[in-house]
Amino acid sequence: MFFFTVDERIVSSVHYRRYRGVQIRSHQRTPSGSRDFKEATKRDALARLAVELERLAGAAPDARRPQLERDFEGFKKLFSRFLAEVRVPAHFYGLPEGEPLPQEEWLDAPMPLFINEGPSVSWDKIEKLPEGAVMDYTSLTTPTTENLHHMLDKLVVVKLNGGLGTSMGCKGPKSVIQVRNELTFLDLTVQQIEHLNKTYKCNVPLVLMNSFNTDEDTQRVIRKYRGLKLEIHTFNQSCHPRLNRESLLPLARTADVHADIEAWYPPGHGDFYEAFNNSGLLEKFIAEGRTYCFISNIDNLGATVDLNILNLLMTPDPARAPPEFVMEVTDKTRADVKGGTLIQYEDKLRLLEIAQVPKEHVDDFKSVSQFKFFNTNNLWARLDAIRRVVERGSLNMEIIVNHKHLADGLNVIQLETAVGAAMKCFEGGLGVNVPRSRFLPVKKTSDLLLVMSNLYGLAHGSLVMSPQRMFPSTPLVKLGDNHFAKVKEFLSRFATVPDLLELDHLTVSGDVTFGRGVSLKGTVIIIANHGDRIDIPSGAVLENKIVSGNLRILDH
């Protein structure tokens, strides 16, 4: 018999069968040391989860059941690894480590599966990056035109398209938000690849990894591209159940995802490798003779196919094996201190995220001088190597425990992984230090202001920084959440997008609007106090100015 929490009650395995209406074979065990007890509680947690997943899959329609069972197999692996990080401290029971827990006390003992979100690296084991671990982009050679056709025919472009635009107040997939000249993220991506195919007479396919949140809308949108010289494929990442944080049991009562959408989630882009393999597309592209895939976020407008990096992969240094995995990194600034970075750890390159850093070393991690690069999430991976690590089961990415607080007050957790964390699972990992222009994500309306402005021009779907910009760095823009966070309201506050060519820094807070033809230069701070409104007049030129709540304009 085993014991665990359900809705904050302590119940036995017998009560559990009555509570859920299912049968489960309990672990028969005798009193043992606290370590054995910890392991037993973890086994029980996995057994309970397996019963729930089996029930959900069994209730699914026949057509949906095979896919759901595949997703659940992946989730059980993820959950097992999550449990390996869980701790049940002996002192919770008032016992020193190693003392047995009397069996008669089990009934009164909850199962405190505390989530261990501590560091997954030992700080003193981090090594200095070896010579050549990160190549400078300027050292790469440009391929000759006659070779490009053959190189591009060995490439697959993958866009991670699982996210919604809800954080910016938009409905549907984020990829269909208009970002420039009434063109969406997806429009720009399609233009880029179609231009490649036409220019070099090749056939680079576009693959979209959707989620259950974005697939239906995306399928409708891509119909308009049918007449273009472009092969578009889609597949869905897995669908995983959210877990009640107290009981570690799925919220879902039915396999109908859209009927109970709050109970399900897409498990982060680290799911790409297994989902890509399960879709059959990986095997298809390998059979066609394709060698590499280029993976990036759909909302990173700088993540275009780079011919110099492609040349590096297709014509490698004869002194070293071709890299199986390449991560594009760029110089870290003070705005990027929380971004993942590359480290050498246990003789391999790997991604280090802030969640893995011991608390006493967080400031070291944020230091621009100690960790010079951060991950752009533009990745290049060999297709045959992806197949190998998936088939061998050697993917071992750090688990991200994402806490959510639902509208009904329930606390849940999502178990996720990041696509770049797989780097350590491949051979011959390599970093390439690329220009900042390859990292133009649009996560907030402050990013949207930049890409809509005269800082950039548009060429065949690619954003190109204006030659009139005197320096290559992008301005730092901070727009207040209360008035600018949602796209619709953000757009209503600008009669036209201001001239940002000479801007270094912009902070706007409060009820502020901009007239036509406004020019912002240097550092500009505009703060409307609560109850005040500031209207920047048409034609205004603000250079190194602070504009306060009563419209006083001060030199900065």
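Glycine is treated like the rest: Cβ placed from N, Cα and C.
No curator has checked TrEMBL annotations; they are predicted automatically.
Record features (TrEMBL):
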- K174, Q237, G268, D299, K443: UTP binding site (BINDING)
- H269: substrate binding site (BINDING)
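Separating the Cα atoms of D299 (UTP binding site) and the residue listed as 'substrate binding site' is a whole-number distance of 13 Å. All chains included, 25 other C-beta atoms sit within 10 angstroms of the C-beta of K174 (UTP binding site). Put simply, Q237 is the one of the binding-site residues K174, Q237, K443 whose Cα lies nearest to the Cα of the residue listed as 'substrate binding site'.
The Cβ of Q237 (UTP binding site) lies under 8 Å from the Cβ of G162, M209, N210, S211, P266, P267, H269, D271, F272, A275, each of these being in the same chain and 6 or more residues away along the sequence. Same-chain residues at least 6 positions away in sequence with a Cβ under 8 Å from that of K443 (UTP binding site) are, in sequence order, S167, D299. If you compare every pair of Cα atoms in K174, Q237, G268, D299, K443, the residues listed for UTP, the longest distance is 21 angstrom.
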